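Remarks on the structure that follows.
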Amino acid sequence: MRCQDVLQFCQKLVRRPPLKPREGSESLLARCLNTLDLVALGVGNTLGAGVYILAGEVAKDKAGPAIVICFLVAALSSVLSGLCYAEFGARVPCSGSAYLYSYVTVGELCAFITGWNLILSYVIVTASVARAWSSAFDSLTGNHISQGLQGTLSLYMPYFLAKYPDFFALGLVLLMTGVLVLGARESVLVTKVFTGLNLLVLGFIILSGFIKGDLHNWQLTEQDYNLTASGPNGTYSLDHLGSGGFVPFGFDGILRGAATCFYGFIGFDVIATTGEEARNPQRSIPLGILTSLFICFLAYFGVSASLTLMVPYYQIDPESPLPQAFLHVGWAPASYVVAVGTLCALTSSLLGNMFAMSRVTYAMADDGLLFRRLARIHTRTHTPIVATLASGNLAAIMALLFEFSDLVDVMSIGTLFAYSLVVISVLVLRYQPDQHLQTNESTEDKTETPEPEAGPLEPVPDAQNLETLRTLCDPINSTPTLTSGRIVYGCTLLMVLLLTALSLVLAQWPRRVFSGDPVCTTVAVLLLVLSAGVTVTIWRQPQGPTPPPFKVPALPVLPVLSIFVNVHLMMQMTTWTWAQFGIWNAIGFAVYFGYGIRHSLEENTDPQPPASNS
């Protein structure tokens, strides 16, 4: 009996809802967003203040003028995840983004972990962007706001909180919460206005850089540095500033810079949360994701090129790169234009993150994994009002009291984890039979090969093992079966374990691997060969006969490559960051096992639609 109870408990952890919407669960959210709205939402959420800061930080210490290549590599790696989001957005046009995608594919527990970490990421980003907005506005006023608050309140703040409570950031988050409550159309209209202003400012920066820039700054030598350096003897070597030229820090610098630039493209997944509010989600979501990523790449590429053309990379101010660059070329008033663009970028990014945060919270509550009251929809505005108010108030309190420099890496782990699960979900889902996606059939497909009869010289188990091994690389059926679907599930899990081990080896002992150390190199090569073999096994399995509205190309190579990139970036995090990530997920497990597992709609055979209030 105990074994049966354990089996039933484990089945609850991996139960999956049908890919089609539940009967009687017609969404109360309004379908009012077109493709342009989704593009504006994606660009506004992705192209935040990072475009004004990130280029200077990476160019000065990591890549030099080759930062344009870093953004290209980062954009390509982001597109790998973006393609998977696009396919799922077309397949499952519902709110929830990565949470929903992992729910219908991997199971309930993984879905909860994904949604829980997405909420953490959105809260941290929302609060940190609000404090950045407050800081940028404060600098325009001569820092009078911060000086006044520090002088009156900083002495009473505990050591683990911010130096002073930022009431300006608190008010800003509450104001944006009010905008979101008004409706999706109104929220996106505000986002489009600020995103348009931001793109105009970025266009001005790019054009100015090409006008005032000097191509020689991409061909600098040690002699150029000696001429501009000042010191007792008037001469310095480039030393830690690289070797000059277009790639002063070498290929390693490009890779390190690309890892940092990757975070500049985080945010396009907000488009996937609009599945129940887009007019034509099967078309708008894939087009919106890919278009927003392309626009963001052009902006990052153009700004980084302009910056390194205007200023020698070793003279870039990482704290304020663009205003100092305009000061360097004699266009000091342009710094005010940059300040306006920064505020516009922060505003659109703040709205986008809060939009996504409320929709993920609503989706989890609507499925019963979080408190059902959070799924209430306002009958007039058609917005998840309780989820919006609850998540907005939480982010406002966080913005008031906390600094977030130590939590940014935790947010990155959560985001990369969500990206990886979406990629895994696409990889698994493409190889499942259609009936497996719509029902919970437990019997084998009738088209599968019958069990071979035992011969006089061959026992039945041996024949079955040989048949299973043969079908791994040479499937009999041209359409997916439950057996081939399970093979893909198992191979995908093995693939993730192998790529995690490979990433760990490359992250901990990179020099020993590439220098030819016999142990490390052998382990890395063996893991790589095994990963390639598993990839081939997945590739040989039959794919679903019904093509989705949008398909990820080059399956399974691109998803496997995306998983490796995401896992490798996660392995760059510190032990303390992983400890914080573990603490947050421990809280999530308490919520899930204390509430979610018993109130999940999959536990109830007659789910009720979400309540509404007027």
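Cβ atoms here come from the backbone N, Cα and C positions, even for glycine.
Unlike curated records, TrEMBL annotations are generated automatically.
Marked as domain 'Cationic amino acid transporter C-terminal' by TrEMBL: 550-600. Taken from TrEMBL, the feature region 'Disordered' applies to 438-461. Per TrEMBL, the feature transmembrane segment maps to 28-54, 98-125, 167-184, 193-211, 254-275, 287-314, 383-404, 410-429, 487-509, 521-540, 552-571, 577-595 (among others).
On the 0 to 100 pLDDT scale, the domain 'Cationic amino acid transporter C-terminal' (550-600) averages 88 in this prediction. It is 552-571 that, among the stretches 193-211, 287-314, 383-404, 552-571, 577-595, forms the most Cβ pairs under 8 Å with the transmembrane segment (521-540). With respect to Cβ pairs under 8 Å, the transmembrane segment (98-125) is most closely packed against 383-404, considering the stretches 28-54, 193-211, 383-404, 552-571. Long-range contacts of the transmembrane segment (487-509) within its own chain (CB-CB distance under 8 A, at least 6 residues past either end) are made by residues 420, 424, 427-428, 431-432, 471-472, 517, 520, 523-524, 527-528, 530-531, 534-535, 537-538, 541, 560, 563-564, 567-568, 570-572. According to DSSP, the domain 'Cationic amino acid transporter C-terminal' (550-600) comprises 39 helix, 0 strand, 12 coil. At the 8 Å Cβ cutoff, the transmembrane segment (577-595) and the transmembrane segment (167-184) share fewer than 3 close pairs (sequence separation 6 or more) and do not count as touching. If you look at the transmembrane segment (287-314), the same-chain residues 6 or more away from its ends with a CB under 8 A from one of its CBs are 35, 38-39, 41-43, 46-47, 51-52, 54-56, 58-60, 64-65, 67-68, 70-72, 75, 78-79, 82-83, 85-86, 89, 199, 202, 205-206, 208-210, 212-215, 217-218, 220, 224-225, 228, 238, 241-242, 248, 261, 264-265, 268, 271-272, 321-322, 324-326, 328-329. Among 28-54, 167-184, 410-429, 28-54 has the largest number of CB pairs under 8 A with the transmembrane segment (254-275).
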